[in-house]
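Copied over from TrEMBL, here are the features:
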BINDING   Arg129, Gln224, Arg455  substrate binding site
BINDING   Glu148, Asn150, Glu373  Mg(2+) binding site
BINDING   Glu148, Lys310, 369-378, Tyr380, 403-406, Glu430, Lys457, Asp463  ATP binding site
DOMAIN    209-307  domain 'Glutathione synthase substrate-binding'
Amino acid sequence: SSMKTHNIPDEVMKNPALVKELADVAKDEALLQGVLMRIQESPNSSELVTYAPFTLFPSPVPKAVFLQALEVQTHFNTLVDKISQDSDFLQEALANTIEVDDFTARLFRIHQQILEEGRSQVIVLGLNRSDYMLDQRQDGTSALKQIEINTFAASFGGLSSRTPDVHRHILKVAGRPEESRQILDNNPAAGLARAVAKAWELYGSERAFVMFLVEEVQRNIFDQRYVESELWRRNIPTIRKRFDDVCGSGSLDQDKRLFVDGKEVAVVYFRNGYMPQNYTSEECWDARLMMERSRAVKCPDISTHLAGTKKVQQVLARPGVLEKFFPDQPEAVKQIRATFAGLYTLDMGPEGDQTVEMALAAPDRYVLKPQREGGGNNIYGAEIRQVLEGLKDATQRTAYILMDKINPAPVQNYLLRQGGPLTLSNCLSELGAFGAYVRHGADMIMNECVGHLLRTKSSEHSDGGVAAGVAVLDNPLLI
């Protein structure tokens with residue numbers, strides 16, 4: 001099949017002395033280029049840092065499929081934005097989920113409160129990442145299939161801006177100048193920052209800040225620092241605050257302007273708050289509500305957060321639903337739908353019962369996905385049977401959706417991570433496209449695909465993000 005034409009030949013991949021030499025060169029180059037993470041032992045200090053995990057070689061990706069992912073992204077931006085404005089659709093899509101999933105229910109309550117009060121800001125900023133795998137078809141070609149769209153805190157726009165030069169250098173040292181020249185430029189950080197800057201400008205206050213709402217544990221800080229420094233370069237001031245800081249020193253004035261630590265906040269860029277465990281106290285929820293009620297531009301706002309749920313993804317795959325959002329754009333509908341894998345409801349009733357039967361009959365063909373974000377939550381294989389037999393007729397099952405399992409062509413690579421062994425692994429890759437949009441009232445001011453991300457993991461690992469410690473950063477080598 002076309003995928004087997006790995007552009008890195010065996011005389012390079014399978015030459016132990018060369019690979020060892022290249023790995024040493026690669027780590028140094030990653031450090032030179034700023035592909036950095038703090039170390040696990042001291043995640044909140046930059047005294048000791050290491051390279052973020054990455055692949056020794058770029059991985060092959062068919063050019064047509066790669067371009068397809070970039071081209072459909074502006075349609076996904078539009079779709080997410082339209083869903084976020086359709087409160088009836090969100091209500092209907094999530095009705096069963098909020099009965100059984102406390103976290104989604106809390107978010108939904110905030111969403112409803114904002115609707116009742118009326119939104120205090122007409123500027124909308126969306127930064128997202130749509131993730132795909134390449135499904136290996138019978139005839140050897142591959143089809144782009146969406147795994148999920150991350151509408152909240154989509155990471156690696158910073159670090160992935162620094163990896164192309166690393167792979168270019170490795171390939172030169174490996175004596176592969178041709179392939180080195182094929183590595184694409186990629187700078188999501190600049191595009192994401194451009195959208196944030198646009199929102200900040202529209203907010204219209206020179207002295208207001210862009211606030212990054214960050215986690216307690218910040219190992220992956222450099223990924224965010226790239227976006228921050230792009231903003232500072234434009235003379236846009238940024239601050240980093242945690243939920244605790246917002247509880248402690250946050251307030252709204254009579255015009256609902258948000259102040260934290262005495263500084264006016266023009267844009268809240270959430271890099272934390274997508275998992276229940278991010279809200280360590282009731283005060284965190286109060287802080288989230290205060291930010292949502294405020295006049296600051298939220299990235300994302302609460303309804304865009306809800307638009308990114310797994311349940312919404314499954315509802316969108318139903319016949320006729322996309323047409324509702326793109327009534328006179330059959331081409332957009334076609335492009336979006338082409339990326340959908342089979343998605344099945346577990347709602348109570350005959351259709352959900354049928355999904356359960358289907359999954360129990362052939363668990364290896366599916367993935368069971370809860371509403372949870374952040375990697376490491378999906379259920380595979382025999383475990384699907386356990387979970388569903390336990391839930392079968394309980395409403396708890398509506399907290400999940402079922403999805404076709406994607407079978408990507410295996411590729412081989414070396415995964416470089418601190419203290420890890422240097423071994424040739426069978427790997428799977430996941431391709432992401434970064435979207436950025438800004439809407440002012442009814443006007444779309446910016447709607448772009450601002451870059452890509454390739455992450456690769458050993459096939460032994462079913463699920464997990466780079467930050468979750470399973471997948472590593474990669475670059476596509478187009479074939």
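Heads up, the Cβ atoms here are built off N, Cα and C, so glycines get one too.
Annotations in TrEMBL come from automatic prediction, not curation.
Positions of the features from TrEMBL, shown on the structure.
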residue : record                 : DSSP class
Glu148  : Mg(2+) binding site    : strand
Gln224  : substrate binding site : helix
Pro370  : ATP binding site       : strand
Gly376  : ATP binding site       : coil
Lys405  : ATP binding site       : coil
Arg455  : substrate binding site : strand
Closest of Arg129, Glu148, Asn150, Gln224, Arg455 to Pro370 (ATP binding site), Cα positions, binding-site residues only: Glu148
Nearest of the binding-site residues (Arg129, Glu148, Arg455) to Tyr380 (ATP binding site) - Cα to Cα: Glu148
Neighbours of Asn150 (Mg(2+) binding site) among the binding-site residues Arg129, Gln224, Lys405, Arg455, Lys457 (Cα to Cα, within 10 Å): Arg129
Integer Å distance between the CA atoms belonging to Arg129 (substrate binding site) and Glu373 (Mg(2+) binding site): 13
Listed binding-site residues Arg129, Glu148, Gln224, Arg455, filtered to Cα within 10 Å of Gly376 (ATP binding site): none
In three-state DSSP terms, the structure that Arg129 (substrate binding site) belongs to: strand
Alpha-carbon spacing, Arg455 (substrate binding site) to Glu148 (Mg(2+) binding site), which is rounded to whole Å: 14
In sequence order, the binding-site residues (Glu148, Lys405, Lys457) whose C-alpha falls within 10 A of Arg129 (substrate binding site): Glu148
Whole-number mean of pLDDT values that fall within the domain 'Glutathione synthase substrate-binding' (209-307): 98
